[in-house]
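Quick look at what TrEMBL lists:
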- 53, 110, 111, 112, 152, 169, 170, 247, 248: substrate binding site (BINDING)
- 123, 148, 149, 221, 247, 280: Fe cation binding site (BINDING)
């Protein structure tokens, strides 16, 4: 499978990735290298005046976020994820457009997010517009940013009103050991899979380099939106599907865990996810985007890369 994106954008170095993740600005001006900064300045604090993704710092959201992860880590098992994937993979809930789905997310705030308490559509537009400013020629990436969290529509009553613990939050592989880099790892002690001998070996049920396509991930909005995109035959490049499916897999793309599962194609795709993640994480703010002003642009991208109506 070929990543249908400009070759020049894919030639960044691991050194630059490390510098971006530490918050340092990186601007490469030489030809053929990926501009990992694009002018975006990483803020020092989130909307609550705290460090981003700080799950231990006392804040007004700390207790609720921790309680969310306790429930999530106890209940996200291999069998549960397989069952949910089969249930929702039928895509028989409704038919609607991408923008209609965006508007449904006006009603929801992500309980797992320590950095923002705004409706989800605000986060989608903030991320998309930040990327659009820095990468004006990569329209596929603008649209990927807009749709990356649309799987959270699983929270809506029309989709069964799933509880937040099986829709949002960091994702992780199932069928193998839970890595200690996963947020609030301690709560996996109550997960039945943690006592399954088949899952306790170094690689669990998998083989080295098997590829992330062959891995069962914890169930949530990432996996669901990936299925929606794939089954509705989006013409977005494979890198877009990789970003959507794994953008919440922080143990891999931030902590560097689970490399034994990745094949060479995954490693190439990961470069795009590193670019995307900075905007997904650090563009969150209380500054609202004028939806009506930007809507025509995103509708044009939706028409370019998706059918008018999708099965959900």
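Using N, Cα and C of the backbone, Cβ positions are placed for all residues, glycine too.
All TrEMBL annotations are machine predictions without curation.
Feature map: annotations from TrEMBL on the structure.
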residue: 123; record: Fe cation binding site; DSSP class: helix
residue: 148; record: Fe cation binding site; DSSP class: coil
residue: 170; record: substrate binding site; DSSP class: coil
residue: 221; record: Fe cation binding site; DSSP class: helix
residue: 247; record: Fe cation binding site; DSSP class: coil
residue: 280; record: Fe cation binding site; DSSP class: helix
Practice task
Quick one: give me the count of other CB atoms within 10 A of the CB of residue 170 (substrate binding site).
Solution key: 22
Practice task
Provide the number of Cβ atoms within 10 Å of the Cβ of residue 152 (substrate binding site), excluding the reference atom itself.
Solution key: 26
Practice task
Pull out the binding-site residues from the set 123, 148, 149, 247, 280 whose C-alpha sits within 10 Å of the C-alpha of residue 170 (substrate binding site).
Solution key: 247
Fill in the blank from the handout: Excluding 123, 148, 149, 221, 247, 280 themselves, the Fe cation site's Cβ centre has within 8 Å the residues 124, 127, 145, 152, 222, 244, 248
Handout entry: Proximal but sequence-remote residues of the same chain as residue 221 (Fe cation binding site) (Cβ under 8 Å, at least 6 apart)
Key = 149, 150, 151, 152, 153, 154, 167, 168, 248
